[in-house]
Amino acid sequence: MHNQAPIQRRKSTRIYVGNVPIGDGAPITVQSMTNTRTTDVEATVNQIKALERVGADIVRVSVPTMDAAEAFKLIKQQVSVPLVADIHFDYRIALKVAEYGVDCLRINPGNIGNEERIRMVVDCARDKNIPIRIGVNAGSLEKDLQEKYGEPTPQALLESAMRHVDHLDRLNFEQFKVSVKASDVFLAVESYRLLAKQIDQPLHLGITEAGGARSGAVKSAIGLGLLLSEGIGDTLRVSLAADPVEEIKVGFDILKSLRIRARGINFIACPTCSRQEFDVIGTVNALEQRLEDIITPMDVSIIGCVVNGPGEALVSTLGVTGGNKKSGLYEDGVRKDRLDNDDMIAQLESRIRAKASQLDEARRIDVLQVEK
């Protein structure tokens with residue numbers, strides 16, 4: 001609907017996490033991490049399936065002990081989304097989850113033991129075609145780097161990352177991605193900018209420990225939005241002290257806002273004033289909840305009066321412009337009907353679902369024609 005030039009993405013190599021491609025122009029993936037006890041298999045499986053339902057491409061699971069590794073085996077058997085095992089310090093856990101079919105190992109080669117143990121894990125990953133994520137965090141920098149720089153700096157995070165990269169380079173292992181996360185937006189952004197100039201591997205974006213649902217979403221939107229708008233980033237996680245499902249929703253909202261990747265409805269709604277002719281806020285809140293199952297990309301504008309309503313409707317898939325007792329409904333920029341203000345939510349839900357079905361069918365026909 002809008003004619004801005006697409007963002008030019010940084011060129012990177014491609015890896016696969018399970019069957020999900022990352023890097024080299026592949027769609028930017030959205031992931032989250034479980035916050036259950038991994039040894040509670042039922043709770044962890046239920047949370048992973050909830051994340052799948054809202055669109056998670058990849059899910060990370062912490063595996064801190066061998067008991068958790070045994071639980072991971074059972075979890076992996078019950079879910080279809082690719083799983084990343086988050087492992088620190090004990091190389092044996094990495095070898096065990098590799099045996100159980102893990103799709104990616106999140107490790108820092110430098111903290112799982114001596115050179116021989118690193119080699120064992122990397123050789124196992126190579127043999128089983130399992131990629132590795134190097135995850136550098138400002139809160140856990142190596143002691144010598146803390147002493148050298150005095151505090152976490154972009155240069156310190158970069159140096160830490162390159163140490164781990166060098167471990168893999170020495171072992172001729174190229175199937176990896178890297179993250180350099182910090183809770184400070186500017187520190188994280190500059191660290192990623194430096195790293196993007198140093199390596200060709202895919203970058204996993206995140207503002208770590210960003211905060212609660214509201215403040216964390218704001219920090220993540222600013223930090224990830226800056227990087228993504230510069231073409232940096234191949235996969236992302238929004239880290240929130242909240243239900244992990246919210247991380248996926250915010251992640252997709254960031255991508256939708258930048259018109260990088262669309263999933264579901266992009267609601268455009270006015271903040272309301274005394275000119276509104278129907279309850280805009282109540283309508284939007286209700287529709288966001290009722291239509292969470294819609295994954296068809298579409299823009300829906302809900303504007304309470306005729307000041308900005310018609311203009312927004314012209315560039316929306318569906319648009320409502322508030323009017324006296326009845327409001328105008330636009331479809332693909334053309335006024336089609338009038339909706340009763342007293343029954344706005346039900347009428348709009350019905351129209352949106354019908355439009356989503358129409359768009360899905362049109363795409364299905366297009367795919368069939370291409371396949372012919």
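Using the three backbone atoms N, Cα and C, a Cβ is placed for every residue, glycine included.
So that you can see what the record holds, here are the features copied from Swiss-Prot:
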BINDING   Cys270, Cys273, Cys305, Glu312  [4Fe-4S] cluster binding site
Checklist entry - Cβ within 8 Å of the [4Fe-4S] cluster site's Cβ centroid: which residues qualify beyond Cys270, Cys273, Cys305, Glu312? => result Pro271, Thr272, Arg275, Gln276, Val280, Ile303, Gly304, Val307, Asn308, Gly309, Gly322
Item to check | For Cys273 ([4Fe-4S] cluster binding site): intrachain residues, at least 6 apart, with Cβ closer than 8 Å | outcome: Gly304, Cys305
Checklist entry - How would DSSP class Cys273 ([4Fe-4S] cluster binding site) in three states? => result coil
Checklist entry - What does DSSP call Cys305 ([4Fe-4S] cluster binding site) in the simple three-state scheme? => result coil
Checklist entry - Does anything in the same chain, at least 6 positions from Cys270 ([4Fe-4S] cluster binding site), have a Cβ under 8 Å from its Cβ, and if so what? => result Gln276, Val280, Ile302, Ile303, Gly304, Cys305, Asn308
Checklist outcome for this item: Around the Cβ of Cys305 ([4Fe-4S] cluster binding site), other Cβ atoms within 10 Å, all chains included, total 19
Checklist entry - Can you count the other CB atoms that lie within 10 A of the CB of Glu312 ([4Fe-4S] cluster binding site)? => result 20
